[in-house]
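Listed in TrEMBL for this protein:
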- Ser202: active site (ACT_SITE)
- Asp228: active site (ACT_SITE)
- His358: active site (ACT_SITE)
- 55-64: compositional bias 'Polar residues' (COMPBIAS)
- 118-369: domain 'AB hydrolase-1' (DOMAIN)
- 15-74: region 'Disordered' (REGION)
Amino acid sequence: MSELQRAWARQKVALPGDRFGEVDEEQEVDYVPELPEHAEHPDDDSSSASSVSSTGTIIPSPTQRLFARPQGVSRGKNLEQIPWTTYFERELYLSPETSPGLTYHAYLTSPTEKGPLFVMHHGAGSSGLSFALIGSEIRKRLPNAGILSIDCRGHGLTTTAGGEALDLRLDTLSSDLHATIELAKAKMGWGQLPPVMLVGHSLGGAVVTDLAKTGLLGTALLGYAVLDVVEGSAMDALQSMQTYLSTRPAGFSSLQTGIEWHVRTRTLRNSTSARTSVPGLLVRDEHADTSRPWRWRTNLAATQPFWEDWFVGLSKKFLEARGGKMLLLAGTDRLDTELTIGQMQGKYALQVFPEAGHFIHEDLPERTAVTLVDFYRRNDRSTLVLPPKVSDLLAQGKRV
């Protein structure tokens with residue numbers, strides 16, 4: 001601005017004779033204020049969303065995130081494997097005398113001071129490490145709780161006799177789960193089973209429901225929680241399962257590449273959980289393509305003959321089995337008619353996490369743990385105060 005223009009401006013607005021308060025023109029050019037941090041209240045629709053500067057630049061609100069990178073793995077993110085010892089105190093190899101060649105594998109953190117035992121069963125293609133993070137979160141809120149997370153047959157480090165045909169019938173898996181619990185009890189020298197809470201994800205939900213329905217755990221069973229599986233939607237999803245399996249990679253160049261794929265595709269939405277659970281899904285095959293030696297440990301396509309057996313009749317069984325019942329879903333659209341009616345009749349507790357994917361317990365371990373701990377506390381019989389029996393009162397000479 002020239003001195004002549006400044007003098008004219010002073011006369012017009014009657015400004016004092018000091019220097020007109022402007023920054024140099026070079027300082028005015030290309031200045032963009034730093035965007036604010038992500039707001040704590042994502043639903044805030046404050047005026048910043050529509051504010052306009054004098055040059056016509058629209059300032060985006062934090063919730064719009066116009067310049068955010070696409071969701072996936074951020075640059076430089078740590079994808080190194082997290083060992084199972086970070087979350088469990090020991091691993092168990094349990095061999096039943098009645099089945100030579102069969103060895104169950106499980107991860108265990110023992111309960112203390114009469115605490116409950118959360119028994120976890122993973123879904124098809126997964127492993128006991130799927131519950132590593134949530135087990136840790138449960139113990140933060142319930143320090144005396146124990147966690148027993150199993151590898152079912154054909155998965156993880158559980159092994160069967162060589163040459164034995166794959167048997168993943170629901171009855172077999174339910175029997176395996178019961179045998180693992182009993183063998184762990186004997187191995188650890190527990191005089192009796194601690195109060196048991198069964199938790200199953202997907203296929204595991206069908207297994208824990210079947211075991212609850214058999215009544216084999218007796219009064220030790222307090223309740224069971226099923227994660228993101230109901231009969232109707234599960235049967236519908238089976239129609240597209242082979243298509244899904246044909247689109248995923250046959251192998252990976254490294255464990256880190258496998259972890260990255262799970263996070264980038266949002267199969268798992270929590271990178272910390274992925275770093276723990278994904279290594280249990282892969283095994284190095286020295287005879288495979290050297291560029292992708294890390295292969296899937298479980299051949300999911302080979303389990304197709306058992307798919308319907310897992311889920312047919314699940315809703316009816318879930319509603320009829322004894323014990324507290326909880327269903328955790330990633331969306332209410334997954335409810336079928338039978339479960340919708342049961343929920344309206346108050347036959348079970350329902351919790352929905354719409355922001356989670358299929359692996360609710362891995363995507364949102366803290367919130368899922370809070371839900372499960374609350375579920376346990378509502379069904380904990382040790383806190384009940386029952387009235388005395390009439391016979392006991394009469395024996396004490398009291399009038400009834």
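Cβ atoms here come from the backbone N, Cα and C positions, even for glycine.
Counting only the Cα atoms, the space from His358 (active site) to Ser202 (active site) is about 8 angstrom.
For the pair Asp228 (active site) and Ser202 (active site), the Cα-Cα distance reads 6 Å. Listed in sequence order, His122, Gly123, Ala124, Ser126, Leu227, Asp228, Val229, Ala234, His358 are the same-chain residues at least 6 apart in sequence whose CB falls under 8 Å from the CB of Ser202 (active site). On the 0 to 100 pLDDT scale, the domain 'AB hydrolase-1' (118-369) averages 93 in this prediction. The Cβ neighbour count for His358 (active site), using a 10 Å radius and every protein chain shown, is 18.
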